[in-house]
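First the structure, which I've put down as C-alpha cells, then a few questions once you've had a look.
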Amino acid sequence: MNFISKTVFLLFLFVAIGYVSSNETTVTDLPTTTLSTKPDTTTEIPTTTSSLQPTTTIPSTTTPVPVTTVAPKPHPDEGSWNVTDGNVTCIRAKMQIGFMVTLGAVTETFALSPNASSDGSNCNVSNVTQTLVLSYKNYILTFIFEKDSKNTFVKNITFEYDLSKSRELFYNDTQLFEVKSGHSYLCRSTDTVVMGNATLEIYKIQIQAFGTAKEDGFNTAQECEADDVVSDVIPIVVACTLAALIILVLIAYLVGRRRSRQKGYTSV
C-alpha cells in the first residue's frame, strides 16, 4: 500500500507540475504611457498703455472791462468885477467859481457866469462894511466884507437860487479870505465853501475891499496857505535837482580823470 500510495502521489505531483508549467502566466509589461505636458495655452493679456492726452487750455474769452477815465471837470470861465463909487474903486474881484446845489434827490451843477452883474453892490466907504452882489438869471451871490483895525475879510456869503415855484437861500457865516488891510487876497488852489445843501467850488480867486483910490489893478497880494505850501515845495525840488546834477557831473569828472591816468600808466 505504501508503494502504491507513493506511486500515486508521485504521479499526481508530476501531473500538477506539468499543469502548472503548461499554464505559466506570461507577464507582459504594460506600455509606459508618457504624459506629455500640454503647452501653456494661457493667453497673455496685452498691457494697454493709456497715454494721457495733452491738456488743452481753453483760452479765456473774458473781455477785460475797459477802465473808464473820467475827464477832469473843466474850470469855469474867469470873471472880473469892480465896484466904484465916484473916483474910488472900493472892491475888485477876479474869480472862477462853480456851484453844486442839492435839492431832494436832484443835484445841479453850474458856473458863475462872467456876465453876472455887480449892479447891486455897495461901497459904503464911510462904514466898516462893503458888499459885492453878483446876479445872473436865477441866482444871486453876495459877499459881505468887513474890516477891523488891522485886517479885512469876508464876514459871510449868501447864495439865493430861484426855482420855478420857490426861492432857496443858502448861507455861510465863516470868516474867509482874511488879509492885512491894504492887501488883496489871492488863492490859485481849489477850495470849497459849504453852505448847507449848496457848495461853492472856488478854483481861483483874487479879491480885495476897502480900496481908497481908483487904481488900475489889485494891491499887493497875500496868498492863501495852500499856495504857500506849493511855493515852498518848488524851491526845494529845484534845489534837489541842481544838487543831483552837480553830483553827477562830479562823478563823471572823477571817472574820466581816473581813466586818463590808467591810460598814461599803460603807455609808460
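Just so you know, the numbers here start at 1 and follow the chain as drawn.
Every residue gets a Cβ built from N, Cα and C, even glycine.
A TrEMBL annotation is a machine prediction, not a hand-curated record.
Note that the coordinates shown come from a computational prediction; the quantities given were computed from them, not determined experimentally.
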C224 has a disulfide partner in TrEMBL; which of C123, C187 is it?
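Within the candidate set C123, C187, TrEMBL assigns the bond with C224 to C187.
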Could you put numbers on the helix, strand and coil content of the domain 'Lysosome-associated membrane glycoprotein 2-like luminal' (77-211), residue by residue per DSSP?
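The counts are 0 helix, 91 strand, 44 coil.
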